[in-house]
Amino acid sequence: MGINCLNIFRRGLHTSSARLQVIQSTTPTKRICIVGAGPAGFYAAQLILKQLDNCVVDVVEKLPVPFGLVRFGVAPDHPEVKNVINTFTKTAEHPRLRYFGNISLGTDVSLRELRDRYHAVLLTYGADQDRQLELENEQLDNVISARKFVAWYNGLPGAENLAPDLSGRDVTIVGQGNVAVDVARMLLSPLDALKTTDTTEYALEALSCSQVERVHLVGRRGPLQAAFTIKELREMLKLPNVDTRWRTEDFSGIDMQLDKLQRPRKRLTELMLKSLKEQGRISGSKQFLPIFLRAPKAIAPGEMEFSVTELQQEAAVPTSSTERLPSHLILRSIGYKSSCVDTGINFDTRRGRVHNINGRILKDDATGEVDPGLYVAGWLGTGPTGVIVTTMNGAFAVAKTICDDINTNALDTSSVKPGYDADGKRVVTWDGWQRINDFESAAGKAKGKPREKIVSIEEMLRVAGV
């Protein structure tokens, strides 16, 4: 990096014009485009910028605002998880990174165009669809996805009109992962605990009128296979005025298996057994009801029918027995999946992810031939598994692969590439995002919250000055 570049970086002149001067003055030969400004994209950018001196990284994001699931997926009462935004911000302010918000792959720009303009393209646009139960009546108004519910209270543009019906007593959540527990906690938490978070105002208003008293958390398998983690369960058990009720029969013989379990699973199971032993000592006006060994069978107005299952080699096999649960509102939380946004992407529609080997996107599935210069990271490549640390490690690995391919000349970077052409596009730069950030922070401060998110794309663009 040249002296001028270092001076600009040290002075902290992270405006778009300063960044452009740095990029032009050092005349880099390697241009890399990352599509998606979520955790996978930022972690990959962080490592690439560290390992490749002579490169420019452009991050293209379909929304005006960055951070993906950290902004729109992490529960509002988990602000400590959102601290990773500070790390992403440092990466975004690197003088060799440019942010292009409000640019959608497949609509505003094609993959072919990006490949023509960059030496390498890394797809990290995540998983924005949810898996279906595939049951009759699933399209009823009282059946919604946990993903949409999370987007609703987190202010994802387009989710503000979801209007979940919270006028009934009973809610059934199908699935037992951490997202399902987050949703249960949001439904059962005292409103005062949420007022100081960045929960959207319209969600707070709806929750203030909620009549929900009982939340069933239903899973196909048993306690030893529960997908939620100990942190999320502890939070549920500590909720004021909420009585957690386990079914004793679900834990038959479980205590005899404790010594065989790995430490994380053992600690989680011990906490469930402790809670089971103590249940009934504290009475609350609301109830959290985890139910195991039940598979969705049918949906009817006001209720849901489940098949009783039994475990056969860790798999849940339905029996002839059934159970019905009162369900004024049903939330499915059985996994996310990605979508194919451009015809140039080698997409596995069955698995809902991009065909790849260790982050290199395949050109030919049969032979395993990779498509040089085209990569994938995050949930788009792996499927929706793990937590942010999992995504970080995966993104670092793919970023290292990109660097290795460039350094070993497996990827040809000898030709000059122009980078993205933003002329005529309503692009939100990093400066524009900072204006949105300042606006949201000020609006939140006036209400005693960390921020009040803008939920309209047009309003975001207006505040950004686009």
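Quick reminder: no glycine exception, Cβ is built from N, Cα and C everywhere.
Here Swiss-Prot flags ALA40, GLU61, LEU69, LEU105, TRP379, GLY386, VAL387, ILE388 as FAD binding site. Long-range Cβ proximity for GLU61 (FAD binding site), meaning a same-chain Cβ under 8 A and a gap of 6 or more residues, is found for VAL35, GLY36, ALA37, GLY41, TYR99, PHE100, GLY101, ASN102, ILE103.
Marked as NADP(+) binding site by Swiss-Prot: GLN176, GLY177, ASN178, VAL179, ARG220, ARG221, GLU232, GLY386. For ARG220 (NADP(+) binding site), the Cβ neighbour count at a 10 Å cut-off comes to 22, with all displayed protein chains included.
The Cα of LEU69 (FAD binding site) lies closest to that of VAL179, out of the binding-site residues ASN178, VAL179, ARG220. The separation of GLY386 (FAD binding site) from VAL179 (NADP(+) binding site), Cα to Cα, is 12 Å.
Under 8 Å, Cβ to Cβ, and six or more positions away along its own chain, ILE388 (FAD binding site) finds PRO39, VAL70, VAL81, VAL84. Comparing C-alpha positions, TRP379 (FAD binding site) sits nearest to ASN178 among the binding-site residues GLN176, ASN178, ARG220, GLU232. Secondary structure at ILE388 (FAD binding site), taken from DSSP and collapsed to helix, strand or coil, is helix. For the pair formed by LEU105 (FAD binding site) and ASN178 (NADP(+) binding site), distance between Cα atoms is given as 30 Å, rounded to the nearest Å. With respect to Cβ neighbours within 10 Å, the binding-site residues ALA40, LEU105, VAL387 differ, and VAL387 shows the lowest count.
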